[in-house]
Amino acid sequence: MAKTLYQKLFDAHVVHEAPNETPLLYIDRHLVHEVTSPQAFDGLRAHGRPVRQPRKTFATMDHNVSTQTKDINASGEMARIQMQELIKNCNEFGVELYDLNHPYQGIVHVMGPEQGITLPGMTIVCGDSHTATHGAFGALAFGIGTSEVEHVLATQTLKQGRAKTMKIEVNGRAAPGITAKDIVLAIIGKTGSAGGTGYVVEFCGDAIRALSMEGRMTLCNMAIEMGAKAGLVAPDETTFNYVKGRLHAPKGQDFDEAVAYWKTLKTDDGAQFDAVVTLNAEEIAPQVTWGTNPGQVIAVSDAIPDPASFADPVERASAEKALAYMGLKPGVPLTDVAIDKVFIGSCTNSRIEDLRAAAEIARGRKVAPGVQALVVPGSGPVKAQAEAEGLDKIFIEAGFEWRLPGCSMCLAMNNDRLNPGERCASTSNRNFEGRQGRGGRTHLVSPAMAAAAAVTGRFADIRSLK
């Protein structure tokens, strides 16, 4: 029987399955951070259990770390406790930890792929909803809760039901300057923020194949924002070339044998999906969200929509509520909307290609008066690479703040946050009420679009910036 990529990955990891029971899956990699792990380790301790596979478990600090100092005390008491607990737990249970002083420390979903911990064909979990990022490698990756974190630590397995399958095909060639972020926002604009609920999504088509691994990670990172369980891109030469030579990747003959297997990880001809969505990449413009979910998104050249234009009464009410919170009026061109802050970073867009794209716009320009702009590299290696290329100097000269790695202003769990009423052009993944700080207004954009907003003080079409 012809199978989809998701079905192949799922079936390859079933440990036990019985009638009327949820299948038990083997987990190849478990990524851990300071926020969702303390109670899980406490549970192990209470029952006298070890970590079943410490060598398949990797930890880092990211969510509530300061991006201005490596001082563990800088983000407040709760953050300090969580980070100290992670150090203690990793030492006690023999788990590898990239702490604040480790050169590999960074956002968990940047660190995993960078170190070759993430590989095609794997099952990967983490107590974090954006674990879907790793699906870019043709791995089945999804977020789990703290009780499940404990279960995986104790058993290296997880009960998991089968999801429905959705194919999202993006054909044609994207115009210059159109990034994976624009593509995925356009997809969510079409499906809505709940359009993928109950599905695992496979992204395919010419425009997806043309993306780098970093672009594919951006794409899969936001699969969760359309409600999907996970996102997948079938591995190909782009994937193999990215993985080769990384710290935890197979070496020599082992690598060649792995690639031979990885090449089988694709949807068979004739395999049936439960749903299919198609887009034409040539029609995708730079995207900007205007509301309080990622599906409330338009092209930068458009105007704020009128809630009355929505036929669905639920969508209409949602739009009215969103505009009230966002302080926007229908009919106003997006390019007339001024911003207060800019955030370039997060597990969506903090990799080297993202920083290069932003620096290209920032080069020779200045951050607009009254705007605070942060650039937060996703990991120690990304920061080092950017500095080796001189990107930090471009940003600093333009008036951006060059920070230390961490989740930063993506979520209000550290010192980087919005004040009530402040408007932010952000390269992160969520724009719901209060996500970046109580009363903060978030607009999701690509790194180049964020840099353009920083230097113009409002949303600007990068296609017209010379």
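Cβ atoms are placed via backbone N, Cα and C, with glycine included.
Here the structure is a predicted model, which means the values were calculated and not measured.
Positions annotated as [4Fe-4S] cluster binding site by Swiss-Prot, on the basis of sequence analysis: Cys347, Cys407, Cys410. For the recorded site, Cys407 ([4Fe-4S] cluster binding site), the DSSP three-state label reads coil. Around the Cβ of Cys407 ([4Fe-4S] cluster binding site), a 10 Å sphere holds 30 further Cβ atoms from the protein chains shown.
Here the Cβ of Cys410 ([4Fe-4S] cluster binding site) has 29 other Cβ atoms within 10 Å, regardless of which shown protein chain they belong to. Cβ environment of Cys347 ([4Fe-4S] cluster binding site): Ile107, Val108, His109, Val110, His130, Thr133, Asn221, Gly378, Cys407, Cys410, Asn429 lie under 8 Å away, each six or more residues apart in the same chain.
The Cβ centroid of Cys347, Cys407, Cys410 marks the [4Fe-4S] cluster site; residues of that chain outside this set whose Cβ lies within 8 Å of it are Asp62, His63, Ile107, His130, Gly345, Ser346, Thr348, Ser350, Gly406, Ser408, Leu411, Ser428, Asn429, given in sequence order.
The secondary structure of Cys347 ([4Fe-4S] cluster binding site), as reduced to three states from DSSP, is coil rather than helix or strand.
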